[in-house]
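The structure appears below as structure tokens.
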Amino acid sequence: MGMVVETEEWVLTPLAYPLLSAASLAAVLLLPHFSRPHAAVVTPSSPSPFDVGTTPFLRFRRAFLLLFCLASVAEGIHSVFGEDEFVRCGFGREQMAARLAAATAAVLFLGGASGVVSDKLGPQNACIFYWMLQLAVGALKSFSGLRCAWVNNFILALASSMFSFCFETWIVLEHEKQGQNQDSLFDTFWLMTFFESISLVGSQGITNLLLDDDNKGILLPYTFAALVSVIGILYIRKAPSISTAHHASVIGSYQKSFFAHVLRGE
């Protein structure tokens, strides 16, 4: 006697995504309000991570968090499909493994050098380069004939490796430039982690709204990611630039350390 196993796919309703985002944001906004009497005893000058620092720094941090949210949305859209994207392209397991292994190998070589290149270019130019990589992937995947190309995996893997450090480097240098203390930096990283999580959840909801059942419907989220990349590039170019003289000196220290510790064995 044969046994039939029925599978039921569980999917959140589209209304659940804004509700989760609103609940998380309300928890962060209301926590300083309800904990203000206790915080005033311990640290009366900093009851909330939202109002610590000078006015120029707070203005920069709000703009930076908005830019970081856009980057997280673009990153989440490209990672939402996973194996389903390869299945839609008609790849088997061996081909999927080959694509993922090749992209990982490329990141091992290119990703290691991207940190040095980022120090040479400066944090803002490194972030612009990240947005250009996201724009290239979004533009290529917007066409059905180029959606399954090898170059998409390489570019996306390199962009993901740069995402992990280029924005963090920028905010750390801005903290040092404006003379902010270490607690303010910790609060900023906490806010970055929170807004990154919210943006990733929001990117899943945006993808579900733009996605259709047919194969052509999968192209709309990539077009939206390319549009977000264009907005990010235009937005970051308006930010005040940071001098790259310090980064040029860092390259010299890299060269001295490489010759001393690797070639000479000191």
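Cβ atoms here come from the backbone N, Cα and C positions, even for glycine.
TrEMBL: automatically predicted annotations, no manual curation.
Feature annotations, courtesy of TrEMBL:
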type: TRANSMEM; residues: 12-31; note: transmembrane segment
type: TRANSMEM; residues: 63-81; note: transmembrane segment
type: TRANSMEM; residues: 96-116; note: transmembrane segment
type: TRANSMEM; residues: 150-173; note: transmembrane segment
type: TRANSMEM; residues: 185-206; note: transmembrane segment
type: TRANSMEM; residues: 218-236; note: transmembrane segment
Candidates 12-31, 63-81, 150-173; stretch with most C-beta pairs under 8 Å toward the transmembrane segment (96-116): 150-173
Among the ranges 12-31, 63-81, 185-206, 218-236, the one whose Cβ pairs under 8 Å to the transmembrane segment (150-173) are most numerous: 63-81
Positions on the same chain near the transmembrane segment (12-31), where near means CB under 8 A and six or more residues out: 194, 197-198, 201-202, 204-205, 208-209
Non-local residues, at least 6 beyond the ends, that sit with Cβ under 8 Å of the transmembrane segment (218-236): 63, 66-67, 70-71, 73-74, 77-78, 80-81, 85, 88, 124, 127-128, 131-132, 134-135, 137-139, 141-144, 147, 206-207, 210-212
Long-range environment of the transmembrane segment (63-81) - Cβ separation under 8 angstroms, sequence gap at least 6: 127, 130-131, 134, 137-138, 156, 159-160, 163, 167, 170-171, 174, 191-192, 195-196, 198-200, 202-204, 206-207, 218, 221-222, 224-225, 228-229, 231-232, 235-236, 239
